[in-house]
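See below for the structure under consideration.
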Amino acid sequence: MHTRNEADGALYMGALIFTLIINMFNGFAELAMTIQRLPVFYKHRDLLFHPAWTFSLPTFLLGLPISVFESIVWTSVTYYSVGFAPEASRFFKQLLLVFFIQQMAAGVFRLSAGLCRTMIIANTGGSLSVLLMFMLGGFILPKVLIPGWLEWGYWVSPLSYAFNALAVNEMFSPRWMNKLGTDGKTPLGLAVLKNFNVYPHPYWYWIGVAALAGFVVITNVGYTIALSYLSPFGRAQAIIPKDDEPDMGHQQTEKRSKRAFPRSLSSSDGNNTREMALQRIMSRSNPNELSRNDDSSLEAPNGISPKRGMVLPFTPLAMSFDSVDYYVDMPPEMKAQGVQEDRLQLLRDVTGAFRPGVLTALMGVSGAGKTTLMDVLAGRKTGGYIEGDIRISGYPKKQETFARISGYCEQTDIHSPQVTVRESLIYSAFLRLPSEVSKDEKLVFVDEVMELVELENLKDAIVGLPGISGLSTEQRKRLTIAVELVANPSIIFMDEPTSGLDARAAAIVMRTVRNTVDTGRTVVCTIHQPSIDIFEAFDELLLMKRGGQVIYSGPLGQNSHKVVEYFEAIPGVPKIPEKYNPATWMLEVSSIAAEVRLGMDFAEYYKSSSLHQRNKALVKDLSVPPPGAKDLYFTSQYAQARWGQFKACLWKQWWTYWRSPDYNLVRYFFTLVAAFIVGAIFWKVGTKMDNANSLTIVIGAMYAAVLFVGICNCGTVQPVVAIERTVFYRERAAGMYSAMPYAISQVVVEIPFIFVQATYYSLIVYAMISFQWSAAKFFWFFFITFFSFLYFTYYGMMTVSITPNHQVASVFAAAFYALFNLFSGFFIPRPRIPKWWIWYYWLCPVAWTVYGLIVSQYGDMTQKIQVPGMTEMPTIQWYIRHHFGYDPDFMAPVAVALVAFCVFFAFLYGYCIRTLNFQMR
């Protein structure tokens with residue numbers, strides 16, 4: 001770039017401002033990373049592992065070399081390519097400033113994370129901090145024009161010191177000071193500094209460095225103090241309306257009276273071991289120690305009566321599988337160790353059957369392949385190679401139809417946090433039950449399922465986030481089971497339903513599982529080293545060893561005697577000690593170490609046993625369809641049409657948004673504060689249009705406010721979309737809906753909230769800045785604001801859809817904020833952008849926002865203004881056309897472009913949600 005006049009100097013100042021902004025926005029990534037680390041820190045702090053400073057200080061120190069590297073890369077690439085002062089000393093001085101700006105930004109965002117403690121609130125707090133520093137930094141609104149009552153903000157803004165230091169470092173170089181400005185007296189460098197109201201003294205460089213260093217210390221000390229004294233938001237608890245409390249005792253007493261007779265439990269040897277096992281678990285807990293939220297109905301001594309007469313019938317179905325193998329591509333780490341095979345086999349020749357009314361346990365040591373087998377049978381694997389024969393009541397399994405008659409309860413209980421228990425079940429029922437079932441029947445069935453899993457008293461409780469708010473772990477597990485049951489499935493898979501639960505909570509879940517089996521459904525559970533009572537609540541066992549091979553498949557027997565007899569019959573296996581847990585003993589005697597000691601392979605022993613032959617015969621019988629049976633067939637892949645899917649998804653999304661004050665109220669609050677800040681700082685500047693600087697100030701105000709509110713929208717929507725995407729993966733795998741109705745519903749639900757946000761923002765800012773009161777101009781201002789907020793929100797949603805989590809999405813989005821700024825047309829007007837980069841200007845959504853805001857408000861004004869370097873005063877219309885390159889008659893294409901960006905980002909979000917799956921199964 002040239003250094004001929006003040007206009008050239010303004011371009012260099014724009015480049016310095018961009019350097020400042022890009023390195024400030026670079027700190028946004030620190031926000032997401034800090035929030036991600038906080039839960040572990042709080043746990044360690046509360047357990048007195050270490051004080052807060054031992055966490056914050058290493059974070060700061062470990063960031064130094066990264067910041068040094070980034071500063072060197074940035075300065076080395078940009079300094080001489082832009083054409084800053086060629087002196088080496090000024091290069092290193094700018095490098096030092098960039099380093100301190102990065103450290104200051106990291107400190108600000110760490111402090112925001114430490115104070116706000118959740119991603120949504122921290123995004124808003126961080127954006128608000130940057131907005132204040134940005135507006136009061138002296139480069140959008142010069143210090144002399146900042147209202148007196150806000151002048152203190154200039155002195156507490158780190159960006160004001162950074163801007164002054166960067167400017168004097170450049171403008172006091174000989175190539176600027178040896179030339180004269182337009183007045184023929186003042187050195188060109190001083191004239192440029194004067195135009196930007198920068199302090200024209202070289203020592204301001206060192207003042208800026210010292211101030212930035214001070215802000216680094218202050219923000220990191222503040223972060224440490226926040227870590228020391230602030231606690232995370234929320235505690236895990238279920239909220240029950242007080243009006244329901246008096247009824248709880250009566251309802252539970254009534255339930256106990258209904259269940260006063262023992263279950264009819266069929267087993268091969270006519271025992272009631274499962275009933276006694278559940279009673280033993282319950283007898284070990286003290287009900288007086290339990291809160292009202294823990295569902296005291298567990299005191300029922302005689303268990304649950306069978307529930308086969310539910311309002312919706314279902315067809316009991318058996319599943320058989322023969323010689324199932326499963327392979328994955330060989331991991332590169334194993335190939336590096338010399339493994340020659342291209343595939344790694346995880347399941348080997350697995351054969352078995354699951355039958356209606358029989359509760360089957362899938363067991364094995366870690367790495368045995370029990371969850372892998374369940375995922376393969378349920379069709380939940382997203383990769384790998386499956387071989388073997390899997391049949392449903394004799395017919396080959398087809399995943400499209402199987403998803404309609406099966407349920408899968410994952411180990412992690414994934415639910416939308418802002419809906420109630422009953423709403424979760426209604427949502428699942430309305431999407432998964434056939435359209436032929438009436439609305440009233442669906443609601444009755446939902447109530448029956450809630451009674452079955454004992455969630456009646458929690459029906460109005462908000463689900464919440466695990467470990468933070470809402471339901472307890474055990475209640476959440478029962479909800480997971482209920483969500484699958486309302487689909488009226490014939491076969492249900494449960495992955496470690498008692499994992500992480502204490503004995504009493506495990507008993508609650510196991511009783512729920514037993515209730516489910518007693519309806520005549522086929523239920524399979526993976527389970528890892530259960531207690532004796534939970535173990536003996538099962539009917540049959542499929543035991544696997546490491547390597548994915550079966551070593552036992554058959555009934556447990558009373559007091560697990562059949563399993564014990566089978567293993568005790570193996571030569572060399574010791575007898576089970578008295579009162580020893582059969583599950584623990586079984587895993588110990590069948591371990592790899594035991595195989596080595598005995599010199600045998602338990603899988604081969606099982607294959608040669610009569611038990612295996614009986615199982616093969618059973619599988620053969622179940623592989624033939626019974627007389628009169630028909631293969632599963634549905635006219636469509638989903639129970640509901642696309643319109644029905646969209647309505648159900650929109651219904652849930654609406655309640656999710658309506659009950660998300662940490663999302664909507666926080667972004668509304670930020671927008672309100674931003675509007676008043678902009679209005680107060682730029683109070684009635686719309687009426688003061690006497691020179692080009694005044695016009696630039698107003699344009700900067702409009703640009704900065706829309707940009708920061710848009711960035712806030714982008715950042716706050718990311719955690720919401722990320723949480724719901726996790727739920728989406730589960731619901732789509734369950735066959736509830738296709739991806740597009742879900743994506744469209746999330747896109748549509750944002751519109752009314754953004755409309756309200758844009759409305760009050762436009763009214764406040766337009767009135768306080770005193771733009772020309774014209775219905776057409778206000779409409780254009782509102783239109784541009786609304787669609788700008790909307791495309792920023794959809795951009796945030798899109799970044800989540802193409803990244804594995806919202807932390808990565810936050811970093812990805814922040815990278816493009818810099819490009820949005822650079823090519824917005826504000827810092828570098830369009831006529832000054834190099835021709836080989838002009839294509840990106842037209843692809844930059846913020847450029848269209850700035851274009852529309854400027855032209856809609858000033859494109860028709862013929863008032864004359866003073867322009868530095870020009871003797872004749874041009875009109876505002878002429879200046880806008882020739883300086884910014886804006887055509888006043890171009891508003892229609894601008895409007896189309898803004899709508900198109902919204903559609904484009906929304907389409908990308910929907911497409912990526914449908915095609916990209918970041919689950920690793």
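The backbone N, Cα and C atoms fix where each Cβ goes, and this holds for glycine too.
Just so it is clear, the model here is predicted, and its values are computed rather than measured.
For 12-35, 47-74, 94-113, 120-140, 152-172, 203-230, 665-683, 743-766, 778-797, 809-828, 840-859, 890-912 (among others), the entry in TrEMBL reads transmembrane segment. The region 'Disordered' annotation in TrEMBL covers 241-304. Taken from TrEMBL, the feature compositional bias 'Polar residues' applies to 264-274. As annotated by TrEMBL, domain 'ABC transporter' applies to 319-572.
The largest share of C-beta pairs under 8 angstroms with the transmembrane segment (47-74) comes from 12-35, of the ranges 12-35, 152-172, 665-683, 743-766, 840-859. When Cβ distances are compared across the two stretches, the transmembrane segment (203-230) makes contact with the transmembrane segment (94-113), since 3 or more pairs at least 6 residues apart fall below 8 angstroms. For the transmembrane segment (94-113), the list of distant contacts is 19-20, 23-28, 30-31, 34-35, 38, 56, 59-60, 63-64, 67-68, 70-72, 74-75, 79, 84, 122, 125-126, 129-130, 133, 158, 162, 165-166, 169-170, 205, 208-209, 212-213, 215-216, 218-220, 222-223, 226: same-chain residues at least six beyond its ends, Cβ to Cβ under 8 Å. Ranked by the number of CB pairs under 8 Å to the transmembrane segment (778-797), the listed stretches 12-35, 120-140, 152-172, 840-859, 890-912 are led by 890-912. Packing against the transmembrane segment (809-828) from elsewhere in the chain are residues 11, 14-15, 17-18, 21-22, 25-26, 28-29, 31-32, 123, 699-700, 703, 707, 711, 714-715, 718, 722, 795-796, 799-800, 802-803, 837, 840-841, 844-847, 849-851, 884-885: each is 6 or more residues past its ends and has a CB under 8 Å from a CB in it.
Sequence-remote contacts of a segment are chain residues at least 6 beyond its ends whose Cβ falls under 8 Å from one of its Cβ atoms, and for the transmembrane segment (890-912) they are 739-740, 743-744, 746-747, 780, 783-784, 787-788, 790-791, 794-795, 797-798, 800-802, 845, 848-849, 851-852, 855-856, 859.
Only residues 6 or more beyond the boundaries of the transmembrane segment (120-140), in the same chain, are considered here, and those with a CB under 8 A from a CB of the stretch are 13, 17, 20-21, 24-25, 28, 31, 34-35, 108-109, 112-113, 146, 150, 153-154, 156-160, 162-164, 196-198, 662-663, 666-667, 669-670, 673-674, 677-678, 681, 697, 700-701, 704-705, 708, 711-712, 715-716, 718-720, 810.
If one looks beyond the transmembrane segment (152-172) by at least 6 residues along the same chain, the residues whose Cβ comes under 8 Å of a Cβ in the stretch are 9, 12-13, 16-17, 19-20, 24, 84-85, 90, 93-94, 97, 100-101, 104, 108, 132-139, 143, 146, 189-190, 192-193, 196, 198-202, 204-209, 211-212, 215.
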